[in-house]
Every structure is written in structure tokens, then in C-alpha cells.
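Notes follow the structure.
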Amino acid sequence: MILDKINGPEDIKKLNKQELDVLSQEIRDFLLEKISTIGGHLASNLGVVELTMAIYLAFDLPKDKVVWDVGHQSYTHKILSGRKAAFDELRQFGGISGFPKRKESPCDAFDTGHSSTSISAGLGLAQARDVLGEDHYVVSVIGDGALTGGMAYEALNNAARMEKNFIIILNDNNMSISENVGGMSTYLSSIRTGEGYLDLKKHVTNVLSRVPVVGDSIIEKISRTKNGIKQLLIPGMLFENMGITYLGPIDGHNTKALTRAFREAKKLNHTVLVHVITQKGKGYSFAEKNPSRFHGVEPFDILTGESKKEKKNPSYTDVFSKTICRLAEADEKIVAVTAAMPDGTGLKRFAKQFPNRFFDVGIAEQHAVTSAAGMAAGGLKPVVAVYSSFLQRGFDQVLHDVCIQNLPVVFAVDRAGLVGSDGETHQGIFDYSFLTAVPSMSVFAPKNLWELMDGMEFALSYGAPIAVRYPRGEAYQGLKEFRSPIEFGKGEMLYKEKDIALLAVGSMVSTGEHVREKLKADGWNCTLANGRFIKPFDKELVDSLAKDHWLMVTMEENVLQGGYGLNITNYIHENYPHIKVVNIALPDSYVEHGNVSLLRKGLGIDSDSIIWRLKKEYLDLERQDTEWKHYKDETGKEKKE
Ligand SMILES: Cc1ncc(C[n+]2csc(CCOP(=O)(O)OP(=O)(O)O)c2C)c(N)n1
Ligand SMILES: CC(=O)[C@@H](O)[C@H](O)COP(=O)(O)O
Ligand SMILES: [Mg+2]
């Protein structure tokens, strides 16, 4: 196998033309075999095999720096840089990440995960190079989807002033996760459907032979050519007019043409954008036909394309999807906004049913939030459905555009809590902290399937900013018997006893159920309350628990800092200083990729770890007597029976 010869970044350069052709096929087979077994991002990776090979042929890694936008398409890069043996553990706990990580390889120049950062980061690397007087190339690889994000435009605007080499490779497969949207996408389509691929050698040289700049490289000729002639030559005039040399479109599955274009791009002393046309899912018919379905996959059967995972119970996303459609049928002011995630957020159903009330704004969370604020100011009831980690992008817009004006925007915050294999960049573990910090924002977290339905209905009738936050995966179907009406700022008592109170929110209510069962089996009295509202939290509920519990355990799937537990703790310390409080929450750190149950265990938020901690810190028998003594002293009353 040719692939066996690839163990480091220089190895591909030793191959001849035929071997390169075989290599691209072997890489596709390898990707298909591994991803069909363990899951991961498939279609984008199948599309960039030749593009990545050409980068390795034209540049010298790790000396030259390549920044991959989002980074979900970096698998061939990982293979070529010498990591193929680690693919059995891709995206699994302790294994390699599905995204570039500087700590993983010197060939990973910059960590990515969220979209549209690559041009800014690449430009920064190039500026560092120039200030430090170093000599290497910097390349940012950005997809057409990522080019819908605002950061990319801020960076292009800045990159146009560059007076040294900086290369942007635009990987245009005419797809985001779903269909790409918007004016830039239309513009790129017009180039794609234009004259066909740029054949640098024949076409451009022929045309340029009429231009009086002999002796230069092709790319130098193009860049020195007068604008009028360029208009005839160059499809990407939008970039040209900004001051960025456009080169393309190039056939993204022709390694030779790509390598030649990249070598030409290296000759310029400013920013050059190489426009590469690829096919998402290339080489696997099911993914070619349905790139959205094969964007990110669970293990599947290569022959049939069918998922190997058994049909699951409805996810929270499914529940949200159906609920918003049901509510929108009854209220035509309800509109829905997504930042390029109609599939992932479940808004696809809404888009089909209410096409005129659905807005996919591209990968543009900031714009999604502010445009929703505008819609609310204009009299609509917008629901912004967004993953927790991507909402981080829209923080200022939540504060500045929605909350200062107290506008009734509902945030359906999906993938909140630990998401698993995507790791650090995608864990939704900060939203309680950043949302509760904003005045006039309320935050609600359902304990199960039915509470999400009721919570959405409540949120849409509330009339002010509110976030409904729920996790990735199956909706919890336990605790069905508890369905008291949602009241603003009020929690819900589930099992009322005394001594130990578990006060849990969102996904941690079901964990609380297990903790309580185990504590009871060990002879402890234990109350379980569902906080429901993270902000404002239910003070009356805390007051009532304070009457007959000496230990209060708060439980949340969010970092401790700024989260639910610390707010409760402050309140208890101020008002009931004799009560012990334990905060079960995530630590002040980034959580790497891995299976969610493993991560929960490792981070101490699964039921066994919680019991272990409670027993170790508070519930051994000697301590128990001490705690009661302390409690009696503080209150002056004998509480123990
Ligand atoms: C800020 C942010 N929002 C949303 C996403 C989810 N996301 C990941 S890849 C992707 C589509 C990217 O499209 P493109 O750049 O064209 O790459 P392709 O998958 O087509 O190769 C989206 C929306 C993200 N990673 N970051
Ligand atoms: C790369 C990226 O940001 C998305 O593809 C993300 O991995 C989707 O996550 P879900 O699988 O949770 O929809
Ligand atoms: Mg794309």
C-alpha cells in the first residue's frame, strides 16, 4: 500500500504521479473504513483529499503554517502528517481529536472548531512571521459555508492590506452542512457555472500573451494586468477589487492543477485567494448524493449507507422541532432563525411547514441574534435555535441588542452540557454562566421531554428574553408523573423528605433521581427538587428546603463559575449560614472529546461519583453526628429524630 509509506509530512513528496493517484483512493478507502466504524465527519473529508495532498506537495509542513477553518475536514491532513495509526481512537476519550490541535502535532498550526476564524488566525500568524523576520508561508483553508460568517469578512477586509504573502484557499463545495445560503454563495455559484476551470498553463498564458508583461510568472502577470483585461480573465473580481488577487476556479480533485496553483500563489507579495471547486462526499455515492446526511455520522454500513445505531427514543431536538411547529400553527407571529443549522437544531421541519417564517442566515450567530432582536422589535415572536457553544459568538448581541431593550426573543439552546466527541470547542458548558450574567435574561432548563414542550410554550408566551436550554441526545422520559404548570421563576418539588436536599437543574434532575435512590438505599432521608429556572432561581423553594435540611446539594451540567450552584450558595450563606452546601458542577477547564458517560464520570457529575463525594465529605457516620450537632448549635433547635 502506498499509504504505508506515509509516516510524516515529507513522505508524500517522494511519490510519483501514479502513486499519488493511488494514494488519493487509498486515503478515501481509509477514511470510509474508519469513519463508518467509529463515526465522525465524513463528507467534508472525502471532498478535500486532493486539496490536502496538493498542500503537502506545494508547502513544507510544519515550517509552513496551515489553518483549517472549523477543522472538521482535517482528517487527510492528520493522515499525511503521520497520525493514521491513531485513527482507531479518533474523537474518543484519550484519542486524537476530530479537529486540529496544536498540542497533538507541530503540523497543526492553530486550533479550530467554530467556523470562520481561519483568515483572522492565518493573518495573525503571517503578521507574527513578518514582525519576527521569519520566512515561511501561511495558508488559511476556508469553506464556502464558513465564508458566510462575519469574522471572515472582517479578516478579508484586513488581509487586503497585506504587503507580504498570505494565501487563502477557498474550498467551495457549494454546501454548508445543509445547502449554503446567501449572496456570497450566489456569487460563488456564478463563478462555478462560468467558463469552467482555470487551466493556468494554457488558457491564462494564451490570453496574457497579448499583455505586455513578458517574462513574469503567470500569477505575476495576472496581478500586474490592467483591471479592464482582468475583468475578462478573472471571475473573482469581487476579491480583486478589494485588493486580493483571485486565482481560480481550480478543479479541486486534480492534484497536479492544485499543486501548480498553490506554487503560483506562493510567488505573490500580498494576499491571494485560490478558489478551489470540490465535491462534498466525493468518491462515496451515498455521501455525494446526500452530503448533509453524511456531514457528521454515527457508525454506518458502507454498502447500504444505513446507520448502525438502533433507532433511538426522540431526542430533545426532535421534541423542540415538533413543539415549535405545533405552537407556530396557532400563532402566526412565531418565526424561527438558525445560523446554518436547520438539520442539527430540528428547524428543518419548521422550514418546510412555514417557509416564509423561517430564516437561515448562514454561519452568522451574531447576525442571527440581532436580526431576531429586530424581528421582535417589529412585532414578531422570534425563536433563535442555536447550539450552546455557537451562541457564545452572539453574547454581545444577546446583551446589547436583545436584553437592554428587553425584547421577546426566545433562545432554544440545544447541545447544552457535554456533547461528547466534538470536544473542547463544542461542549455547551458555559451558557448558564454567560446568560445569567445578563440583566433581563431568564434561563429555563427542562428535566424531561414534557417539560421541554411546556417550557417552550411558556417561553413563547413570556414576552421578554428567555433561554430554554437542553442537552444533545435522547430526551429523558422519566419523572413523567411530575408535570406541574410552569410558573415564572418557580421550581418544582419532586420528592419531599428532610436532611439532605438535592436541588438539580436540567439534565441533572435525572441524575439526582439516581443519587436519591442510592442514598435512600443506604438509609438517608433525601429530598429531590427540580430548580427549573436557573435565572431567576426560586428563592422560596430554597427557603422551604432550608427549614429541614442540613445539607444542600446543587447539581448542574455547566461550569461552576457563574453557574446555578454558586448563586444558590451565596443566597444560602447569606440567609442560612449553618447549612452545608455542596456544588456538583463542571470544573473551571475545557473538556476534551470522548463518550459523554465517560466524561461525566471523569468530571464527577455522574451519580456514583456524586454519592462517593457526598459520603467522603459529609456522610460518614462520625461526621453525620458532628453535622447534626453543628446544625443544632446554629439553630438552637433539636432537629434529629
Ligand atoms: C460558529 C459555528 N457555527 C456553526 C458551526 C457548525 N458547522 C460546522 S461545519 C459547518 C458548515 C461549514 O461549511 P463549509 O465551510 O462550506 O465546509 P464543508 O463542510 O462544506 O466542507 C457548520 C455550519 C460551527 N462549527 N461554528
Ligand atoms: C463541525 C461542526 O461544528 C458540526 O458538524 C458539529 O459537529 C455538529 O454537531 P452535532 O453532531 O451535535 O450536530
Ligand atoms: Mg462547503
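Just so you know, the numbers here start at 1 and follow the chain as drawn.
Positions of Cβ are set from backbone N, Cα and C atoms, glycine also.
Feature list (source: TrEMBL):
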BINDING   His72, Gly113, His114, Ser115, Gly145, Ala146, Asn173, Tyr284, Glu365  thiamine diphosphate binding site
BINDING   Asp144, Asn173  Mg(2+) binding site
DOMAIN    314-478  domain 'Transketolase-like pyrimidine-binding'
For Asp144 (Mg(2+) binding site), list the number of other Cβ atoms lying within 10 Å of its Cβ atom.
23
For the thiamine diphosphate binding residues given in the record (His72, Gly113, His114, Ser115, Gly145, Ala146, Asn173, Tyr284, Glu365), what is the largest pairwise C-alpha separation in angstrom?
32
Going by a 10 angstroms cut-off between Cβ atoms, which of the binding-site residues His72, His114 has the sparsest surroundings?
His114
PLDDT averaged over every residue in the domain 'Transketolase-like pyrimidine-binding' (314-478):
98
Quick test of your reading of the structure: among the binding-site residues His72, His114, Gly145, Glu365, whose CB sits under 6 A from ligand 3?
Gly145
I want to check the contact list for Gly145 (thiamine diphosphate binding site): same chain, sequence separation of six or more, C-beta distance under 8 angstroms. What comes out?
Ser115, Met175, Ser176, Ile177, Asn180, Ala340, Gly362, Ile363
Residues with Cβ closer than 8 Å to the Cβ of Glu365 (thiamine diphosphate binding site), same chain and 6+ apart in sequence?
Ala339, Val386, Phe390, Leu391, Arg393, Gly394, Gln397
What are the sequence-distant neighbours of Asn173 (thiamine diphosphate binding site), meaning same chain, six or more residues apart, C-beta distance under 8 angstroms?
Ser44, Gly47, Gly143, Asp144, Gly252, Ile277, Thr278, Gln279, Lys280, Pro291
For Glu365 (thiamine diphosphate binding site), name the DSSP secondary structure in the helix/strand/coil scheme.
helix
Given His72, Asp144, Gly145, Asn173 as the binding-site residues, which ones have a Cβ positioned under 6 Å from some atom of ligand 2?
His72
